[in-house]
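Below is one structure, written out as structure tokens; the observations come after it.
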Amino acid sequence: MSSYGGGGYSSRGGGGGYSGGYDRNGGGGGGYSGSNGYSGGGGGYGGGGYGGGGGGYGGGGGGYGGGYGGGGGDRMSNLGAGLQKQNWDLDTLPKFEKSFYQEHPNVAARSQAEVDKFRRDHAMTVAGNNVPSPVETFDEAGFPRYVMDEVKAQGFPAPTAIQSQGWPMALSGRDVVGIAETGSGKTLTYCLPAIVHINAQPLLAPGDGPIVLVLAPTRELAVQIQQEITKFGKSSRIRNTCVYGGVPKGPQTRDLSRGVEVCIATPGRLIDMLESGRTNLRRVTYLVLDEADRMLDMGFEPQIRKIIGQIRPDRQTCMWSATWPKEVRALASDFLTDFIQVNIGSMDLAANHRITQVVEVVNESEKRDKMIKHLEKIMEDKESQNKILIFTGTKRVADEITRFLRQDGWPALSIHGDKQQNERDWVLDQFKTGKSPIMVATDVASRGIDVRNITHVLNYDYPNNSEDYIHRIGRTGRAGAKGTAITFFTTDNSKQARDLVGVLQEAKQHIDPRLAEMVRYGGGGGNSRYGGYRGRGGGGFRGGRSQGANGPNAMPMGNRRW
């Protein structure tokens with residue numbers, strides 16, 4: 001077998017290839033069928049609405065009934081109790097290839113001083129035995145033609161820092177830890193070596209599970225990973241599926257039974273599929289843990305350990321994380337062997353220095369007026385294609401703010417855990433494409449949602465800690481761009497003042513004198529249970545809870561502003 005599988009990938013042709021991209025979890029005719037959408041309100045906002053006449057958001061085989069929390073149960077710690085622990089005998093397991101890297105002559109010719117300078121210039125540190133030198137161009141990475149054609153078609157000028165160092169590491173077959181900020185290009189860092197890995201393995205037989213398994217903390221991130229793998233794997237006819245909770249299992253089960261080379265999954269739904277015999281992990285030889293710190297934050301460690309116990313121990317494992325806390329280090333030491341590590345940027349959690357941070361000390365009653373003033377300034381140039389992500393502390397406040405903004409004529413939509421999956425997908429699409437350039441979100445969106453060109457983040461409510469603050473504002477200023485983060489800080493947040501000032505000082509940002517005063521004099525209050533505006537439901541809000549598509553996202557938009 002050649003190092004890149006030779007003609008292996010071409011023989012993957014036949015058999016139907018990739019059947020339908022990530023959309024195939026939909027069906028026909030379901031979706032959101034109401035006639036609400038944006039059709040009202042003086043011409044409204046983009047006729048047709050959400051579902052309904054004129055297409056709207058595509059089908060869904062009867063719709064996605066259960067909404068968030070249905071079916072998947074990703075947080076149930078007793079998941080996996082029925083999984084049998086595997087006793088692996090490596091002598092009897094089929095052999096497989098995982099080392100494909102051949103150093104390019106240009107890379108081999110560079111002196112250690114040149115390598116060290118490149119790493120310094122890109123804020124890159126490495127650790128471990130025999131770490132390969134970074135590559136500086138796509139051609140130096142040594143990917144086969146069928147991969148490079150896809151990369152060049154995307155128009156990327158050069159590898160990002162994490163790709164420069166991560167590609168040689170992953171292609172070498174070694175276990176890898178990569179620490180880099182969200183938006184650094186890490187998805188491609190493991191996706192492209194995964195495609196090479198798959199094409200060097202025997203074709204799937206009936207009943208085989210996937211060859212590559214990617215675990216992700218949220219369904220939004222899982223879907224985005226799937227989009228990248230679909231894009232770059234199509235020339236190899238690599239099939240994939242995305243397995244996550246909150247939607248019916250039928251389409252996911254059908255994909256798994258037909259056979260997929262790549263499975264992208266959230267931990268809970270994957271265990272559900274394993275326990276029910278819908279798939280197995282016996283063929284997995286390339287395992288990816290994406291946003292490992294976030295998965296541990298969300299309480300998935302027991303599920304991750306159960307899943308890894310179902311995978312042969314001589315697999316290749318790649319772990320990616322934005323931070324490197326002791327919990328992630330423990331997971332790496334338990335499941336990675338002689339791993340090599342690359343860190344981009346400081347190992348300490350710090351804010352992106354390309355982001356201008358504006359922190360305003362306000363009263364709760366001032367928040368809405370101040371938000372509107374900021375929006376007026378940001379959106380006054382309609383040609384600027386600004387995108388604004390507004391974070392709230394609760395789902396209730398997210399819906400109230402969205403309702404308020406839409407009534408005031410702003411193109412705003414909300415996303416949070418109580419929204420049904422197809423509505424969340426639709427909202428994300430509207431935001432990504434700029435059709436609705438304002439998105440209101442809870443922390444479900446603070447990691448894992450990869451929307452490019454977000455120009456502004458507005459923290460309507462301050463989060464529970466400075467780490468979440470850094471991750472929230474990190475949605476802007478990505479891929480070398482600049483961004484602005486505006487934060488409303490109240491006396492209820494005073495316990496967080498010292499940490500916030502530390503973040504601002506490290507990034508050399510202006511500090512509101514009232515914020516500095518909170519640090520000097522301490523201050524009580526703690527965290528308010530509800531971070532948002534109290535008692536102002538906004539005109540026309542009948543009833544106190546979001547009704548999904550009949551809630552704030554379905555309200556006709558006033559035509560006063562937009």
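We count from 1, first residue shown onward.
Quick reminder: no glycine exception, Cβ is built from N, Cα and C everywhere.
Check Swiss-Prot against the ranges 463-487, 513-537, 538-562 and you find region 'Disordered' recorded for 538-562. Range with Swiss-Prot annotation motif 'Q motif', chosen from 107-135, 136-164, 165-193, 310-338, is 136-164. Within the set 94-97, 218-221, 290-293, the record from Swiss-Prot flags 290-293 under the feature motif 'DEAD box'. Remark: Lys186 (ATP binding site) has Ile162, Gly166, Gly178, Ala180, Asp290, Trp320 as non-local neighbours, by Cβ distance under 8 Å and separation of at least 6 in sequence. Sequence-ordered, the extra residues of this chain that approach the ATP site, with Cβ no more than 8 Å from the Cβ center of Ala180, Glu181, Thr182, Gly183, Ser184, Gly185, Lys186, Thr187, are Thr160, Ile162, Ala322, Ile344, Arg478. Counting same-chain residues at least six beyond the ends of the motif 'Q motif' (136-164), those with a Cβ under 8 angstroms from any Cβ of the stretch are 4, 9, 101-104, 106-107, 118, 122-124, 171, 178, 180, 184-186, 188-189, 192, 195-196, 199, 231-232, 234-236, 342, 344, 479. If you look at the motif 'DEAD box' (290-293), the same-chain residues 6 or more away from its ends with a CB under 8 A from one of its CBs are 182, 186-187, 190, 214-217, 221, 225, 319-325, 327-328, 331, 447-448. Of all the binding-site residues listed here (Thr182, Thr187), the one with the fewest other CB atoms within 10 A of its own CB is Thr182.
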